[in-house]
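So the structure is just underneath, and the comments pick up after that.
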Amino acid sequence: MAIKVIEEKCIGCSKCQKSCPFDAITIENKIAVIGDACTNCGTCIDVCPTEAILQEGTEKIVRDLSMYKGVWVFAEQREGKIMPVVFELLGEGKKLANEIGTELCAILCGSNVAELTDELFAYGADKVYLADAPELEKYTTDGYSKIINEAIGLYKPEIVLYGATHIGRDLAPCLAVKVNTGLTADCTKLEIDPDDKKIRQTRPAFGGNLMATIVCPGSRPQMSTVRPGVMDKAAYDPSQKGEVIKLDATFNEGDIRTKVLEIVKTTTDNISISDADFIVSGGMGLGKPEGFELLKQLADKLGGTVATSRACVDAGWADHAQQVGQTGTTVKPQIYFACGISGAIQHIAGMQDSDIIIAINKNENAPIFEVADYGIVGDLYKVIPAIIEELDKIGK
């Protein structure tokens, strides 16, 4: 593709030159000239008043959208264990499938993973597309994307959902490019438009300060990655059965360009905040980064982990992996302690579905108390030691 200027139409108005974000356009002898810095962004095409600029080599792909049916969930597994986010996607996928009157399917890749299909059926899948091959034992972008791309081309799903995990965030954009469709990343809400039956994908934007709803009107499949912990887990029914469709998982030399030499698991003793049943979270009300040591004492007593707010991450007090909120991780622990956290809407969105929320704050008017099940107005440096003392008394 290249940007071309039709000299006979160009009037040398310089609007394209002023609009170019890469300074790639000059005006020579009253004619626009496109330089090597051009990235084909197309901004100049939109502003040209005489339609003297066009993009060569582009053909609009017109798809028969009626050919695409079914909601697919990428059934991510690691070492023979299905990731928890898959069950959340099956729950949400079933709702979407019911609204548009189609079936819910899972696509499973791996080596010797056929026995996992029963678990996918139990969580609501009507069909499972299975690719089982030694080359798929460990995740590679080339291997997984080849198989799923071929399956999408053959079976034409209407919607494909992925967990916003490390693997999902790598695989989904690769497939979106391969099948020439759009992708909405890190969605926190999915719904079907009642009028046109397209999926409305909502995700945080501009640092979580607003929520953007995105649609994919002309391309299929519609693709989304969804954050773990956002959607409700599907109901489990072991009596549910379905159809297994085996995919061709044949690879030629050179299809997979990378080789996994070793998987080094984290050596940290901390529990992931997305998996923890008990979370003790601290905000700027701690007053100092050393305050997290006190929170860790309480978390250790409960067998939980420490989390934080975005403000503490921005201040360099804590790591982003510990951040709860729209721009961090969404969590659903049994108990969530909010210590010195004021309760910004972005943070609340990431923890409001916790079973029990306990807020500790000096400011009795802090917004966090509006969502808390129990609120303690006081100095956290006095309250938390008192809680630890009581836990010691009961043998915790």
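From the backbone N, Cα and C atoms, a Cβ is placed for every residue, glycine too.
According to Swiss-Prot, the protein has these features:
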- 335-363: FAD binding site (BINDING)
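Structural mapping of features recorded in Swiss-Prot.
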| residue | record | DSSP class |
| --- | --- | --- |
| ILE335 | FAD binding site | strand |
| GLY343 | FAD binding site | coil |
| MET351 | FAD binding site | coil |
| ALA359 | FAD binding site | strand |
Could you tally the C-beta atoms, other than its own, that fall within 10 angstroms of the C-beta of ASP355 (FAD binding site)? 11
Within its own chain, what residues at least 6 apart in sequence put their Cβ under 8 Å from the Cβ of HIS347 (FAD binding site), listed in sequence order? GLY283, SER309, ARG310, VAL324, GLY325, ILE341
Out of CYS339, ALA359, which of the binding-site residues has the smallest number of neighbouring Cβ atoms within 10 Å? ALA359
What are the sequence-distant neighbours of MET351 (FAD binding site), meaning same chain, six or more residues apart, C-beta distance under 8 angstroms? ILE279, SER281, VAL324, GLY325, THR330, VAL331, TYR336, ALA338, ILE357
Checking the binding-site residues ILE335, GLY343, ASN363 for other Cβ atoms within 10 Å of each Cβ, the smallest tally belongs to ASN363
